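*Asks:* Below is the structure I would like to discuss, written out as structure tokens.
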Amino acid sequence: MRLHAFTLLSLLGLVPSFAAASLSGSVGPLTSASAKAAKKTCNVLDYGAKADKKTDLGPPLAAAFAACKSGGLVYIPAGDYAMSTWVKLANGKAWALQIDGVIYRTGTDGGNMIMIEHTSDFELYSSTSSGAMQGLGYEFHASNNWSGPRLLRLWDVSDFSVHDLILVDSPSFHFSIDTCSNGEVYNMAIRGGNHGGLDGVDVWSTNIWIHDLEVTNKDECVTVKSPAKNILVENIYCNLSGGCAMGSLGADTDISDITYKNIYTWNSNQMMMIKSNGGSGTVSNVVFENFIGHGNAYSLDIDSFWSSMSAVSGDGVTLNNITIKNWKGTEANGAQRGPIKIICPDKVPCYNILIEDFAMWTETGSKQWYSCQSAYGSGFCLKSGSHHTSYAVTTTTVSSAPSGYSAAKMASDLSTDSGSTKSIPIPTIPTSFYPGATPYSALMSKQSTKAAKARAVDMSVETPAAASRSEQVVQGAPQETGQSAPESAGPVPSGNPGPVPTGGSRPSRHRHGHHHFGSAI
């Protein structure tokens, strides 16, 4: 049974009807991890894995998956594991992967360390919220090699979730969601090197909900690529990152019904960018709402002549029905890079662009500019009218701060980047991702701790062995930076979705995908 699906923003009445679409249906796994584990549990230690940071985890993980791929839970207990051969876990159904240990890359092949493909009803998570993949990318980057392996990729996966996982220092991209559907990604921390090409999350899929993530790197924070439809991205903390984006966009672009909401961007390349250079196709029905930025180079940057990508054949990508609403904060230097830059193709001008409640101000100097080219709509430098002809760049310079630009900051804003030539410690997953917004789901470690404490109260019905298991689960809280996850007694099924953020409503999850039970099996 599925919960009734609805479109979040249309219910709230916050945006025009043309841009109200977000999710098109329910997301998440069809059955709970506890039900999968009850059917069968495949512990990688039983297939030859050793938590000694030397023995290759690849073959035992593949063997455990083969035993549980038709229904079950693959379990990687707490501890430190080396991984020198990559795994492609394909054609699974109704299975889960619980990573409570830390996986260290020791191999040097390209490709993807863990790739999940052609799979349905799937969940990937850490019950302690401290399971991690440590890519040790600095070993590549120190010699100027940026083409090493990616950490995690999902391809052709439906009805899934990925949560409570930490991805660190990938030699290349961290997490790609490729041609998937009905998925939820949440409660994650991604910490990469300070260089381009080390993307946080890239998604080109259908009906995906991405929320409550922190990303540190110097390229994509959470970026939508083509083709993509019905994607909701919210409560995102781009903490010294590249910033969120769409693109790069090329030929036959097909992106529609995308919402970014509650996006906090600190000391990054941009708050939001749509990037292309030539090409064809469309981007339509898009909402960028509730953005806070501080210290970023660019704020809103729509660039249809982006020089960092090679020109693609075509008149350009058509952008239409785009709403930019409730942006506040500051940019690094508004005289150098103004807070609004909308540069559209001359042969296919942008239209129906709406900018409202936009108040940004410069941190350096006393003036800033807004710039538009071949762009139509309402607000700032946009031209009005229904006859959309090309026009040259128009720039408006202002020397007084707009009212209401002041915005909150996050207490965890980083003061220094991670560099790219030294080891990056494993962070903890934060419990806040946007000022004033409560995450939709509590961390697994918090849920497990509460459940274990509740179980420990009733000692009259609990055996000494069970009490020991409860105590171990209580210890499964996030660890200090750089430490390994604690040992646990066994797999802990994922569980109850947490509180709804203030003023928001929860998009539909599959009924059985997130009923977390908390205690050990």
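Numbers here mean position along the shown chain, with the first residue as 1.
Note: Cβ is positioned from N, Cα and C throughout, glycine not excepted.
Per Swiss-Prot, the features are:
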ACT_SITE  His294  active site
COMPBIAS  469-486  compositional bias 'Polar residues'
COMPBIAS  507-521  compositional bias 'Basic residues'
CARBOHYD  Asn145  N-linked glycosylation site
CARBOHYD  Asn239  N-linked glycosylation site
CARBOHYD  Asn321  N-linked glycosylation site
REGION    462-521  region 'Disordered'
*Asks:* Say we define neighbours as other CB atoms within 10 Å of the CB. Which of the glycosylation sites Asn145, Asn239 has the fewest?
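*Replies:* Selected from the glycosylation sites Asn145, Asn239 on minimum Cβ neighbours within 10 Å: Asn145.
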*Asks:* Nearest to Asn145 (N-linked glycosylation site) by Cα, among Asn239, His294, Asn321 (recorded positions)?
*Replies:* Asn239
*Asks:* Within the chain of His294 (active site), which residues six or more apart in sequence place their C-beta under 8 angstroms from its C-beta?
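*Replies:* Residues satisfying the criterion: Thr265, Trp266, Asn267, Gly329, Thr330, Glu363, Ala407, Lys409, Asp413.
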*Asks:* Rounded to the nearest Å, what's the C-alpha distance separating Asn321 (N-linked glycosylation site) and Asn239 (N-linked glycosylation site)? Just drop the number here, would you?
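*Replies:* Each residue's Cα considered, Asn321 (N-linked glycosylation site) and Asn239 (N-linked glycosylation site) end up 29 Å apart.
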*Asks:* DSSP secondary structure for His294 (active site), reduced to helix/strand/coil, please.
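*Replies:* The residue in question, His294 (active site), is strand (DSSP, three-state).
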*Asks:* Let's check the environment of Asn321 (N-linked glycosylation site): how many other CB atoms sit within 10 Å of its CB?
*Replies:* 21
